[in-house]
Amino acid sequence: MASSKNMPSRITQKSMEPPLRETWQQVVQEMVMRKQRDEEEKQNLVTGKEKSWVSIDLLGTKQEGKRQKVNIWGPWEKWGIKIVWVMLWVIQLMLWGCLIWEMGKKHSCNAEEVIALVDDPGGFQKVKYVESVPVTCMTKNFTQWGCQPEGAYPDPDLEYRNISQDILEQVYKQEWPWNTYHWPLWQMENMRQWMKENEKEYTSRNNKTKEDIDALLAGKIRGRFCVPYPFALLKCEEWCWYPANINQETGHAQQIKINCTKAKAVSCTEQMPLAAVQRVYWEKEDEEGMKFMNIQACNESQLRCKTSPGGCVQGYPIPVGAEIIPESMKYLRGKKSPYGGIKDKNGELKLPLSVRVWVRMANLSGWVNGTPPYWSARIKGSTGINGTRWYGIGTLHHLGYNISSNPEKGLCNFTKELWIGGDRFQYQYKPSWNCSQNWTGYPVWHVFRYLDMTEHMTSRCVQRPLRHNITVGNGTITGNCSVTDWEGCNCTRSGNYLYNSTTGGLLVIICRQNSTITGIMGTNTNWTTMWGIYKNCSECKNSTLDRTDNGTLGTVNNINCSLPHYNESNKWTCAARNSKKKRDSLYIAGRDFWGRVKALYSCESNLGGLDGMMHQQMVLQKYQVIKVRAYTYGVVDMPKAYREKNMRNKRSTEISRPRKKRGIGLVIVLAIMAIIAAAGAGLGVANAVQQSYTRTAVQSLANATAAQQNVLEATYAMVQHVAKGVRILEARVARVEAIVDRMMLYHELDCWHYQHYCVTSTRTEVAQYVNWTRYKDNCTWQQWEEEIEQHEANLSLLLKEAALQVQIAQRDAQRIPDVWKALQEAFDWSGWFSWLKYIPWIVVCIVGVICFRLLMCVITMCLQAYRQVREIRYTRVTVVIEAPVDLEEKQREERDGSSGSENLEHEKRTSPRSFIQIWRATVQAWKTSPWGKGWKKILYMTLLPLLTLQIWMEETGWNGDKRCKKKKERVDCQDRESMPAIENEYVELS
């Protein structure tokens, strides 16, 4: 029973009763829940957490679960998530935009613009002073002539480089200049020296002597002139001429410029004779080169001469001011010019040319029997025709022979002379060529001068009109006429007419063939001024300049009242000078309207007359010396990482030294100065450049390819330009060498290679005086030179700024501050110690006063001793000549009226002492005096000879009897009792 009571009852509550029937799904769910509770309990035991809290509601039901806490930040978290989400989208859009913007840029890497030297195959620099360019010749006979063998330089016909027309125009600006090349002058000097050295040997020769020298004299030895790298020759292949600087008063062209439109760069010239004497006919191999010198007028210039009957002038214009033989080789000039029209105003070659000279290959098609056209129609004995004066018509000098100007005659006469420049040498030789041959077809030089220099208006030379043949047209001239516009002017009758210009001056219009205007001369002087001068001429008040029908061209009524001019005394006159029934022929010139002109022709011409030197000089004018530049300046983008890496690697190899970090202001100024100096950089290599050429660069140069050599050459040139800038600063700033050393030591000027560029550390933003960005990616050397020329005016400003930067850099670079200078700047001590400059004068004055006092002391002591010794002498003399008894008796006798014969006898008994006696007495007196003792003894001993001499002279009477008498009277009148007692007076009396 008891056991049965203790057992639980099977009867439970309805809720606790198991379901009668459970589904499978309920069973699985219950098992899962139990499993989860077990795992949760295990996890709590492991982590040490307490068991979930238990709550009992009012019905007594247990509720297990976690406590639900209230979150007060819930709303904020909800909106914060949204804000963060929006910000992330904004950042994402910004990143996408930056990415798209960077992709749109040319360079996506982080870089900075730096100045660099880039490859420029067509770059070159013109050389203004060709005297400094090295040159050599190349020929087959190189051993005899001292030249290089053929093949030493590239053949210009096979190896050359074309130059674009844009670069030509940019560099030379449509002006191909004249150059006086020194190479032909050297050849001429060698020939002249060789002839002078062998001048004595030539006297033994005859005309049968034949040797190889005739080939040299005749110009058979041909060769080329070549220049070494980096120099080259720019050969013009197409050119034309055009006028420039037209004078608005006279109408003449002050300059004729040459425009080269096609050229190529070569190393050597064409074949030409290396040396030759004066000749007329040249070889047919030279015809092509001579014909090229017949330059025609440019088509774009629209010159008036193109529509004139004679056309425009053809030839090469040697400009006004050209110097044929420079001053350094003046010994080659000679007395007179041997080249015909190529001469100065005095007919020599000492001065530059005063008139433009044209040289061309002669066109002899219209010549008849060796004379120019219409030569037979000239006035008999005249040397000119159609306004041109001809020289050398008839006979010409050709290689030592007088040859006819008619090439078909073949007349030759040997002159036994060779003309080389202005010198003539006697020489006998038998040429291997035939002088008497038919020279038709051989090229000849034609030299002519247009004295009025109006080639752009007409090519016809006119005979200048006489002044009395200039008249007023009176309706003959119509239209608008001026010296620069001939097209609007018309004439109806041949003559020389005075006409008003449309510009306000006066014109002389030359009309021929009743309708053709062949020349117009002008001046700014108007009609009113001219007429006032005309009326002031004597006998011309009632005269006019109207035309009379005397002559074909007409003349004035009174020939003594012609157009005014300046006479030989530089005074106005209207009449020509008369002398012995002869009258001066006065003409009017285009460039000298009021002058006294006596030249009839406006042109001068001659055939031949040129030697090998002038032939080479003319042919070489188609060449210009240039300096090849295989690089140019540009702006490139250098990655900063690459730059920093190279700088770090390079500096790690050097010895690190502690220094104060400074700015790059000095480097900037030096770089700018180097840039400014680049256009005029010298041809030599500076020592600084050689030192900066490191061992690594030399090894790289030895192993480099062609492209790398260009890069290294650019590097070399950049450093050379910097060195040139340093040399410029050296002349203006002190101690630049130390600054350059500091630059090199601190690597403030570096150069490295990046994508075939030589890049410096100078950034573009610091180059304030050069617009680098203008030439980015397409900068050429020519553009660089043009940019440099525009900034040369800032050179003084740059030098001042450079000097300031140098001073600042020197101040910052000092390790120990200069305390003295700092104090001097803080306190102006300049006026405090200004009196110190007088200290030397004060010292000199003090020393001078001391010396003067010492001298006066010595002199005073000497004078005092002299007086005392002299007083002793007088005392002794007084005792010697004293006779007390006799004096009293004599006085008494004289009072009694005696004649004084006793006195005379007594005077006869006393005789003057000798010099030795006086010397002894003086020495004895000196010994007994205080001056003969102590340190003064030697000093005053020097006075004894002088004192003895003076006493002896007084004794002998040389100083006069008057003094002796006075002494005697003074002694005789003395009282005996007043005289002192002397110890040795009896010694003297005996």
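Residue positions begin at 1 at the first shown residue.
Heads up, the Cβ atoms here are built off N, Cα and C, so glycines get one too.
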Task = Check each of the ranges 712-728, 729-745, 848-864 against Swiss-Prot and return the one annotated as region 'Immunosuppression'.
result = 729-745
Note = Record (Swiss-Prot) lists N-linked glycosylation site for one of Asn369, Asn469, namely Asn469
Ask   = In DSSP terms, helix, strand or coil for Asn474 (N-linked glycosylation site)?
value = coil
Query = In terms of DSSP three-state secondary structure, what is the assignment for Asn413 (N-linked glycosylation site)?
reply = strand
Ask   = Can you tell which of Asn162, Asn299, Asn363, Asn413, Asn469 has the most other C-beta atoms within 10 Å, given these are the glycosylation sites?
value = Asn469
Message = Taking only same-chain residues 6+ apart in sequence, whose CB is under 8 Å from that of Asn480 (N-linked glycosylation site), what do you get?
response = Gly488, Cys489, Thr502
Message = For the topological domain 'Extracellular' (108-838), report the average pLDDT of the model, please.
response = 76
Inquiry  = Please identify, from the glycosylation sites Asn514, Asn567, the residue with the sparsest Cβ neighbourhood, meaning fewest other Cβ atoms within 10 angstroms.
reply    = Asn514
Query = Given the recorded positions Asn474, Asn536, Cys862, which one is most crowded in terms of C-beta atoms within 10 angstroms?
reply = Cys862
Key: Distance [Cα-Cα, Å, rounded] between Cys862 (S-palmitoyl cysteine) and Asn567 (N-linked glycosylation site)   = 89
Ask   = Between Asn474 (N-linked glycosylation site) and Asn514 (N-linked glycosylation site), what C-alpha distance do you get in Å?
value = 15
Key: By Cα-Cα distance, the member of glycosylation sites Asn413, Asn469, Asn536, Asn567 nearest Asn514 (N-linked glycosylation site)   = Asn469
